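If you check TrEMBL, you get these features:
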type    : residues                                                       : note
BINDING : 64, 65, 66, 67, 68, 75, 106, 107, 108, 109, 110, 138, 235, 250 : substrate binding site
SITE    : 75                                                             : site 'Important for catalysis'
SITE    : 235                                                            : site 'Important for catalysis'
Ligand SMILES: CC(C)(COP(=O)(O)OP(=O)(O)OC[C@H]1O[C@@H](n2cnc3c(N)ncnc32)[C@H](O)[C@@H]1OP(=O)(O)O)[C@@H](O)C(=O)NCCC(=O)NCCSC(=O)CCC(=O)c1ccccc1C(=O)O
């Protein structure tokens, strides 16, 4: 399988899918999402793979969400908003193996959503988690909001989305957004070790446990599908464009004039 935006490697039964766009802080465009979906399905149904790691290349970012340079009202790929977002989120949940988010830097916006959806999140003391949606003219109307509330509780999820603060690895562990935080230099070895631990477990028991956890929040896929249409309509507004343009111009957005 040929990939351009990601790296794919199996290390002792653990498949590493690494977003390889460090110059864009591992932001995803349409093609990136498609490649991750293909890699997840490859690893998910490979009998020699017991666990999957989702990572970002370089030291600065796990993933910073949608690539804003590929965003002009719509992103550049397929799907409701020009990104097969619903499919990517569903693929992480549907593969019958644990998916670990390995967060060594920024997990921002759609990147934080990916980490949230993964079965486990293992981060380093250089990790920073956060949502920027309302600060830059976007929002995740599906798992990024509703499922996040299941993970960290309603109040914390609302704080994360409304105030757009950044949270350290230790804070992420304290609120239940991450499972473990390791010293930066030890992160990859620890992630691999946990991946190999998962490979020793009964694959069928893990698959049933994963499906069982998923069943309780399966309705959120329907909400996400509906919400993406609302998001598409929002992306077509001047209000949303103001956020994207402000980010590109490196200035503060002026949203107040759009209040209805
Ligand atoms: C990640 C930052 C907090 C890092 O800040 P800082 O250390 O000060 O570095 P910068 O100088 O800002 O950035 C360095 C360099 O990287 C480029 N970059 C960073 N992020 C992106 C990106 N997402 N797309 C394209 N390029 C990016 C940045 O422009 C700089 O480039 P230079 O050439 O050096 O100028 C900070 O960078 C930051 O906040 N970035 C923006 C993150 C962002 O806006 N992401 C999209 C989030 S959308 C969202 O939060 C809600 C929506 C959502 O989750 C979602 C749901 C459904 C579908 C899609 C999305 C989605 O994510 O869009």
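Positions of Cβ are set from backbone N, Cα and C atoms, glycine also.
Neighbour counts were taken at the CB atom with a 10 A radius for the binding-site residues 64, 68; the maximum falls on 64. DSSP assigns residue 64 (substrate binding site) to coil, not to a helix or a strand. Under the three-state DSSP scheme, residue 110 (substrate binding site) falls in the helix class. Straight-line distance linking the Cα atoms of residue 64 (substrate binding site) and residue 75 (site 'Important for catalysis'), rounded to a whole number, equals 15 Å. In the structure shown, the C-beta of 66 has more C-beta neighbours within 10 angstroms than that of any other entry among the binding-site residues 66, 110. Taking only the Cα positions, the spacing between residue 68 (substrate binding site) and residue 75 (site 'Important for catalysis') is 8 angstrom. Within 10 Å of residue 75 (site 'Important for catalysis'), counting CA to CA, the binding-site residues 106, 108, 110 contribute nothing.
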